[in-house]
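Enquirer: My structure is below; once you've seen it, I'll send some questions.
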Amino acid sequence: MEVDERAPLIRSRSPANVQPSSSSLSSAGYAPPELDYQLAERLAMESVARQPDGSLYPLNTRISQLGSLGTGVGLYLYFAYYASISLGAMALLSLPLLLLNLQGTVVFSTAEQIGFPGNLIAVTTVGNLQGGSPLLVHSLLDFLSVLAFLGFLVYYRRRELLARKEIETKNITAADYTVHVSQLPPDAISEEELTSYFSRFGQVAQVNICYKGYAERARLLDLKETTEEEMREFERQSQAERLFPLAKENHAASALLLQQVQRELERFNRRRVECCGHAFVTFMLESSCRETVAEVKSGAGALFAHRQSSCPPFRNLYPLRVEKACQPSDIVWENIEMTERGRSWRQLGTWTVSLVLLLIATCLIALVNGKHFFLPQAGVLTGALLNFVCVVIIIVSNVAMFILIPLLSRYEGHISTSEFEIHIMLRLWLFQVLNTLIAAAMFWDASESAAQTTDWAHWYADGGVLLINVIIGDAVLMNVIEFFRPFDVWIPRKAEGPKSRSQTRLNKVYAAPELSLGMRYQVVLKHFFLALALGAAMPLNYALITFFLIITFWIDKHNLLRLYRKPAAVNHQVGHVAAVYVGPLALVFHLIITPYLYTVVTKCPTDLYCPPTWSLWGSYVLAIVGLLILALAWKPLLFNEPEIEYDLVRARALPYTHVQGISSYNPPRQIPGVSLEGRMSVSPEQQREEGGGFPSKYFRQEESEIGISVFWGGGSPAICRRKEGPAFGAFVCGWPAAYCQLIVSLLSVGAGQKPNAKRRKSPVHPAILQKGWPNCGRPSAAGEGFVSVCGLDLVWSNRDKLKK
């Protein structure tokens, strides 16, 4: 009987679940569990990152000293820190622009009729300048700001490489010695076989094969633990039958559910062991790991490699994919058995759904922010109600995207937490930027001048105010929420903690929250993207976002060292995507939109678009030069990764087994070494019985329809049969699954004669079609031939048996 993973917990349906008073419980003989809140809080604090001596990190700890938390965490802190410095430098460079804008007279003129407080924002923008201004000083200072931001990207990229080298030098982990092997066949379940294959690159310390069914087994074990916890609670309730009349019934139902789960676990343990296509091979030396990654190539990597690999395919049949392994804590073990094709289809579906949700939410926000079309004709009460509805729609759409996008990204089944965080970062960053810019654009004609015309000065007073509100709102609201964590820390502990019926449940409620780098990166990326998008026209944005990033950096570092549980050791990929792709994209957007903003303010302040003007030739030239510099510098300074010299890395000379406390690639709930009875899973080192042949306890022999011995393994047929003449023998992967699970059809046209591949109609292995019969041409008697497949020497004949 299958156990539904959504099976609800069995709870008492008696009215006594409304928590009777302590006196009534005591008089009835029921002893409720004693909950230790201090223990739960202490366990939560113990999960926070700590120094090697067990003490908490000081809040003034240098970022370089947090290498034990993983490369990704340190790089995020560096990113927020250096981004605030670069935007601060841009704010200083744009200070003269702010002073020049304040000297304009457009905003406070009686003809514009721009009210408070929008006029205070608009007066700091280029909308306060008179038409026809050359804006040469603006263009020069903006060009210097562009160079400053490009310098930040290049410096952070160099700092990223140095941080990675520093962390990898000072903190030796299992990933320094381990490669991630994928595209393994399902029957590659022998650690000795993989050890033998990879030993050509160096001594192998250990091999961890990933098996199918890990997610199902983890689900069953979770259900088993929950059911056992429920049974203990119902057993306590049965002592007070008057207050809990259904306690015994619920206890019996829980016992039945537990039996079902145990049967499912037993059935799972009896299933045939199959590799899910992945394995982690750990070498004794780090140099062997690097050599393996360089030598074993497949797919496009092998096609365009500088030098062809000398390593043969696995079993001479399967080209493997080998890459540097991520940290063990970065792996999502439940998703590792998902196929690449299934993961690709899921990603296509979730990206489509995310795009649709993004468009719907953005359109709703844009529609709500366009309420000015009909708001002036509405009454006071109607206007207040409309504003309330607008606020609700904006909040719901934002919350919906923040909730759904992480769920959709989790559904994709990413193997590592780093990939999961990248998808969250990109989607939420795209949503935040689009909904903010589109909502601001909807305010183009929100107000009019005395001449009943709208212009850019009014837009900066309306749309510009929206942008300022977004910046200030995030700086205040989001940081307050991030610092106090009311939704996942304070409210659950106060509301759910007293309702916990066991100490285990209470400990889970009080568990420390997790750090999501994708969620934190997208906030920083959004704000410096908005700063660059409109910073040339609104230089005040640089100063505000600098202040915001400083606060964000301090709060994130405080929570990392005092609130979050020790994060997974994610790699550098999230920061790499932010610095190499998103940052330059923001710079390109800035260099394109800045000439447009200068053109419309100078030539056509009452229109949305007008052709370029010669008076701004300096701005156009500087923008083109900036784009050329970025294009020329992107690949050598940002995209390319110089070869990191690992000669000084201790892991090169220090063997894996000599590193104290090093982790390994064993999942938390590895499939145990259950009996192989009933499975076709014999390891290569297992001795064959005397006299040759296969172990009789795994295979049985039957007569086929044409009088040839047929081997069956593990209760499954072990051959393909074909009736095409008396001189025919057939054998299908019934030998131990540790060797191969192939289908090999043998046809005989005479003693020692090589069969013709074109005449075959039965399934034939590709290696035989390409290379012919391996080791054929050694007949032992008339009508017999010799073949060696996957290390097994077989004699095929037209007689009634197969022999070694």
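All positions are counted from 1 along the displayed chain.
Using the three backbone atoms N, Cα and C, a Cβ is placed for every residue, glycine included.
Automated prediction, rather than curation, is the source of TrEMBL annotations.
Copying in the features that TrEMBL gives for the protein in this structure:
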REGION    1-30  region 'Disordered'
COMPBIAS  12-30  compositional bias 'Low complexity'
TRANSMEM  75-99  transmembrane segment
TRANSMEM  135-156  transmembrane segment
DOMAIN    177-215  domain 'RRM'
TRANSMEM  348-368  transmembrane segment
TRANSMEM  380-405  transmembrane segment
TRANSMEM  426-444  transmembrane segment
TRANSMEM  464-484  transmembrane segment
TRANSMEM  528-555  transmembrane segment
TRANSMEM  575-601  transmembrane segment
TRANSMEM  613-634  transmembrane segment
TRANSMEM  727-751  transmembrane segment
Enquirer: Please indicate, using numbers and ranges, the residues of the same chain that are 6 or more beyond the transmembrane segment (464-484) and have a C-beta under 8 Å from a C-beta there.
Expert: 117-118, 121-122, 125, 127, 369, 436, 439-440, 443, 490, 523, 527, 530, 534, 538, 540-541, 544-545, 547-548, 551-552, 555-556, 558-559
Enquirer: Looking at 75-99, 426-444, 528-555, 575-601, 613-634, which one has the highest count of Cβ pairs under 8 angstroms to the transmembrane segment (135-156)?
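Expert: Comparing 75-99, 426-444, 528-555, 575-601, 613-634 against the transmembrane segment (135-156), the winner is 75-99.
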Enquirer: State the non-local partners of the transmembrane segment (426-444) in its own chain: residues 6+ outside its ends, Cβ under 8 Å from one of its Cβ atoms.
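Expert: Here the qualifying positions are 354, 358, 361-362, 365-366, 368-370, 372, 397-398, 401-402, 405, 408-409, 454, 459, 462-464, 466-467, 470, 518-519, 521-523, 525-526, 529-530, 533, 577, 582, 608.
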Enquirer: Determine which residues of the chain contact the transmembrane segment (75-99) at the Cβ level, with the cut-off under 8 Å and only residues 6 or more beyond its ends counted.
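Expert: Answer is 63, 66, 124, 137-138, 141-142, 144-145, 148-149, 151-152, 155-156, 159-160, 163-164, 517, 520-521, 524, 528, 531, 535-536, 539-540, 542-543, 545-546, 549-550, 552-553, 556-557, 560, 572, 574-575, 578-579.
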Enquirer: Do you know the DSSP helix, strand and coil residue counts for the domain 'RRM' (177-215)?
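Expert: So the domain 'RRM' (177-215) is made up of 13 helix, 13 strand, 13 coil.
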